[in-house]
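Reading through the structure tokens given below for one structure.
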Amino acid sequence: MIAAQLLAYYFTELKDDQVKKIDKYLYAMRLSDEILIDILTRFKKEMKNGLSRDYNPTASVKMLPTFVRSIPDGSEKGDFIALDLGGSSFRILRVQVNHEKNQNVSMESEIYDTPENIVHGSGTQLFDHVADCLGDFMEKKKIKDKKLPVGFTFSFPCRQSKIDEAVLITWTKRFKASGVEGADVVKLLNKAIKKRGDYDANIVAVVNDTVGTMMTCGYDDQQCEVGLIIGTGTNACYMEELRHIDLVEGDEGRMCINTEWGAFGDDGSLEDIRTEFDRELDRGSLNPGKQLFEKMVSGMYMGELVRLILVKMAKEGLLFEGRITPELLTRGKFNTSDVSAIEKDKEGIQNAKEILTRLGVEPSDVDCVSVQHICTIVSFRSANLVAATLGAILNRLRDNKGTPRLRTTVGVDGSLYKMHPQYSRRFHKTLRRLVPDSDVRFLLSESGTGKGAAMVTAVAYRLAEQHRQIEETLAHFRLSKQTLMEVKKRLRTEMEMGLRKETNSKATVKMLPSFVRSIPDGTEHGDFLALDLGGTNFRVLLVKIRSGKKRTVEMHNKIYSIPLEIMQGTGDELFDHIVSCISDFLDYMGIKGPRMPLGFTFSFPCHQTNLDCGILISWTKGFKATDCEGHDVASLLRDAVKRREEFDLDVVAVVNDTVGTMMTCAYEEPTCEIGLIVGTGTNACYMEEMKNVEMVEGNQGQMCINMEWGAFGDNGCLDDIRTDFDKVVDEYSLNSGKQRFEKMISGMYLGEIVRNILIDFTKKGFLFRGQISEPLKTRGIFETKFLSQIESDRLALLQVRAILQQLGLNSTCDDSILVKTVCGVVSKRAAQLCGAGMAAVVEKIRENRGLDHLNVTVGVDGTLYKLHPHFSRIMHQTVKELSPKCTVSFLLSEDGSGKGAALITAVGVRLRGDPSIA
């Protein structure tokens, strides 16, 4: 008993001693966490270089764009063929995807040989062989008459400019077919299929095996955004933000990048950690100086690395008592499968004995322990290096998402990861230490990369079909120049109807005379009050206008709110509230006393019989105060002043906000003869020749016409360009059937159009995973400011997602792109329609004056015009295209329509003293 214990103790001591000797001998292969973090940092830099246009040509890690832009979302379906070429055999699969109740994938496959004479022959021979095998497969499955979509897994480095094209950069593994490097493998395969002529195939996608792995796993777990292969070779791919990929146009969304990380170190960046054994292995390989990282990591080389170590240690008398056999000296006699067998927990030592005996050495027990430890060091180094490079990818994903902690899934395939008894456990453990702020789930690819190629094809098909349906819907919003010319022509017709006495009563565009007959001439002088009412808030202003050499306008104002109960109460209550606020303002300014002239900006449709009289036609914008419609608002204001008996006012002018805007700008720029508002609502006014204004007597001079163009189309004349979404928005509005042109343009409604399109797309499964959330059902959720923010060129998709999240909409990257597209299409149409309307106005002025060319300025106000990043540019462009004989300048109204009301009042006071203009 004691003898046995002593023997065991002696053996353990011997074993420990031998392990220490080997640790010392292979010290350079044992990498500390400090070194691994340094490698992680180096690889991160290499990735950045590969993505950069400037550094990519010389980068060793090529970071190849794959043009795979989306992982499966679970709605894919169809019948597909997958080809998988990249190893000793060639696999063809038929993959059927359906999701009637539970989504499932059924697969049938056949394996075909790729003999040495074919992989080392010509490219023509190779692709003829692939086409023959595909023909045989389709014959067996009785699908030769079907033109099924084909996904092609081609596991070699390729440069792609689209998903159905792949130009081979260089052969790897044992492939050497001539005439293929630098050629598009899809064209070569199509040529071979065409040559046979007995079947047809539609090659939709070419993918690398790593991408195939990611897509296979992505079908089961939509969090999967990394693919990893650790087998004969090694590689990884991941979903990168398009804005970081210089080699591909566009910055919206994501694209899968095939890193081709096997070449990491080919530029010398890993020389400090490569050992003499790595260098010897490289010298004897088919591609010296290439794929240096892969040669330190992958299954193709691991057994050979161990063999080289055994030979050197035996030569130095540290193993096998210095015995060296011909078998031990023969390359390929010690395989990675031997490494896996030797590292097994229980039978590892026994396996070592059998394998070493096969090599002709007669190993002692200590030799077997030593060889097991050598295998452990080599395979552990591999796991550590892969953990470092994968750690760099995870850090990059985390940084891209701007999140403190990353949760993601990595799809994995490869014999080394799957078959080696300790590899995956060691690899996961190291990764957790290197990237503690990432929670990573590893998902084993059960079906190989063929299913992945089919899934890429299925996703490409789904996206193409979705794209077709989305484009079909959005096409109704895309207006051709011909359509816009027609809108311009129709508005001209409506304008003529509104101006004529006999047709005015039937006209929808009312063309209301404003009795403003002159723009400021610079002689206006004095102190004026202005009242600006057009929404839930209103302003009272004191405007001090000074003429002379230095014309100045000094303004003081105070903003007051109108409670909802007053907006929707009685007319007396509304005007009493307004007068109460004026009283407060006069006290605030210390000017209560003298009777002051007042201009009243009243932004609702009014029929005017004089400058100081405006009969309200109808309330808009949520106002419902009773006993106002059909009454003169100036009289209602005067009556309320009398009831208060505190002060007196001289109501000189009732002005629409559009007219006020024109006058404000005309004070600065005398060529300003048009006013435009594009904000919550939209409207325009312009200086019309009196001879054309049949509703007012007199033919001399001009008068500003308040078009009230928001009602354009209320008679059905725009029904052919109104979409179903416009109709829904109109139906649920407060004034159904009214202001139809406004509802296609103004900020009050654009968000609603967008929301309804998003609901439609969500129902069809294109958005938000098909889930219509409560916020999306909420009317008014998309305010103009959100549309402006979402469409801003400066905003990355992450920020767009943040805005949508703020609105309670959890979106993916693809969702954000689609939302941005919808916003863009809706706002572009609004700008174009507004431009068509403005083109009609400027052409009318030009024709009125019989000019070959008109130079005119438009005074503009409104949040949509001011804040939206593209609206003004598109509108200006449309006006230019539709009215080429007019040069139109746009001047932003800085001081709102209140200043305009004061100026109109000043002009009115000036004209009172000029009897020639009555």
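Including glycine, each Cβ sits where the backbone N, Cα and C put it.
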- Item | Listed residues Ser109, Ser337, Ser872, with the one flagged phosphoserine by Swiss-Prot | Ser337
- According to Swiss-Prot, Thr172, Lys173, Asn208, Asp209, Asn235, Glu260, Gln291, Leu292, Phe293, Glu294 bind D-glucose 1, and the residue from Ser155, Ser161, Ser269, Ser285 that belongs to that same site is Ser155
- Report the candidate from Glu669, Glu731, Glu742, Glu752 that shares the D-glucose 2 site with Thr620, Lys621, Asn656, Asp657, Asn683, Glu708, as recorded in Swiss-Prot. Glu742
- Query: Where does the mean pLDDT land for the domain 'Hexokinase 2' (464-906)?
  - Reply: 90
- Between any two of Ser155, Thr172, Lys173, Asn208, Asp209, Asn235, Glu260, Gln291, Leu292, Phe293, Glu294, the residues recorded as binding D-glucose 1, what is the biggest Cα to Cα distance in Å? 20
- Note on the structure: DSSP tally for the region 'Hexokinase small subdomain 1' (73-207), helix/strand/coil in that order, comes to 34 helix, 47 strand, 54 coil
- Kindly assign Glu260 (D-glucose 1 binding site) to one of the three DSSP-derived states: helix, strand or coil. coil
- Message: Which secondary structure state does DSSP assign to Glu294 (D-glucose 1 binding site), in the simple three-class scheme?
- Response: helix
- Task: Output the one of Asp209, Glu260, Glu294 that, of all these binding-site residues, has the highest number of other Cβ atoms within 10 Å of its Cβ.
- Result: Asp209
- Task: Which residue among the binding-site residues Ser155, Lys173, Leu292 has the fewest other Cβ atoms within 10 Å of its Cβ, if you could check?
- Result: Lys173
